[in-house]
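Notes to accompany the following structure.
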Amino acid sequence: DRILTAVNAGASALSLCGSAFIVLCYVLFKELRKFSFKLVFFLALSDMLCSFFNIVGDPSKGFFCYAQGYSTHFFCVASFLWTTTIAFTLHRTVVRHKTDVEDLGPMFHLYVWGTSLAMTVIRSIGNDYGLGAWCWTQMGQTGKVVHFVTFYTPLWGAILFNGFTYFQVIRMLNNATRMAVGMSDRSHQFDAKADMKAMNKWGYYPLILIGSWAFGTLNRIHDFIEPDHKIFWLSLLDVGTAALMGLFNSIAYGLNSSVRRAIYERLDLWPERLRKWLPGLKVRSQQESELVSL
């Protein structure tokens, strides 16, 4: 339990730093305050609070264990729900060619925070804290079923939705590339290939959720089958990978070309004597098309 608690705190601290960095960039850099990055901001904010509450409580701390359990559940659910809003926005813009995504902002908030609150309230049924390093894992068969239904069911629903959505976006861009090549239109061909290069990696983004929660899902299933037999290495991977979700999201979603460009431009204003210690940080001229369709 001490090892799991330490791994949980260490991994959560990394996620907290990564998510807080993205939140800070949004607050400091006005040019980033567009609708597309606003979704990333709320994703990072959810990850930051999820990581924070992961650190503040463990089963030995009574009230803080309850705070960790409910708050972690709420903000972790909110985190992967925000990824579905990003996927939906890309699909609506790229595939359906709609320009009304900004009008959907209030609906996104209602959907994310409302669903997270509902899942957190429902999971209080059969609640019994105090299992290992995770205050929000529940003991008793009813508690385990409720925990699985209110967390892992929407989680894998989000994974399937994101995977299907990004598949359609990438297929759309593939078709645009082939059409540009067939028409021998160099300008459209260049644009399509640039979009394709930027969007290819979006196909890997559902893997962030899979990598973060696959071991947790296996661990919960194992608890159903063998409730009296814990596997330490599986619990270790469960705790470590889940706590790193915020770090993975901050790198994949937040540290895009717009953020890097804003940072490089600020660094370029530093005195020469300071910039010489950062030889690898130069302002980039290429205009990567990450999120350009938004």
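Every residue, even glycine, has its Cβ placed from backbone N, Cα and C.
Unlike curated records, TrEMBL annotations are generated automatically.
Because the structure is a prediction, the values reported are computed rather than measured.
Positions annotated as domain 'G-protein coupled receptors family 2 profile 2' by TrEMBL: 4-257.
Residues or ranges marked as transmembrane segment in TrEMBL: 6-29 (among others). Note on the transmembrane segment (6-29): residues 37-38, 40-41, 44-45, 47-48, 50-52, 54-55, 58, 133-134, 236, 239-241, 243-247, 249-251, 253-255, 259, 262-263 of its chain, located 6 or more positions outside it, place their CB under 8 angstroms from a CB of the stretch.
Beyond the ends of the transmembrane segment (36-57), by six or more residues, the same chain brings 8-9, 12-13, 15-16, 18-20, 22-23, 26, 64-69, 71-72, 75-76, 78-79, 82-83, 85-86, 89, 105, 108, 112, 135, 243, 245-246, 249-250, 253-254, 258, 291, 294 to within a C-beta distance below 8 angstroms of the stretch. Residues annotated as transmembrane segment in TrEMBL: 36-57 (among others).
As annotated by TrEMBL, transmembrane segment applies to 69-90 (among others).
According to TrEMBL, the feature transmembrane segment maps to 110-126 (among others). A Cβ distance under 8 Å defines the sequence-distant neighbours of the transmembrane segment (110-126), meaning residues of its chain 6+ beyond its ends; these are 42, 70, 73-75, 77-78, 81-82, 85, 138, 140, 142-143, 145-147, 149-151, 154.
As annotated by TrEMBL, transmembrane segment applies to 146-169 (among others).
For the transmembrane segment (202-219), same-chain residues at least 6 beyond its ends with a Cβ under 8 Å from one of its own Cβ atoms are 80, 83, 87, 90, 152, 155-156, 158-159, 162-163, 166-167, 169-170, 231, 234-235, 237-238, 241-242, 244-245, 248-249, 252-253. Look at TrEMBL and you will find 202-219 (among others) tagged as transmembrane segment.
Per TrEMBL, the feature transmembrane segment maps to 231-255 (among others). When Cβ-Cβ distances below 8 Å are used as the criterion, the transmembrane segment (231-255) is approached by residues 3-4, 7-8, 10-12, 14-19, 21-22, 25, 40, 43-44, 47-48, 50-51, 54, 76, 79, 83, 86, 132-134, 201, 204-205, 208-209, 211-216, 218-219, 222 of the same chain, each at least six residues removed from its ends.
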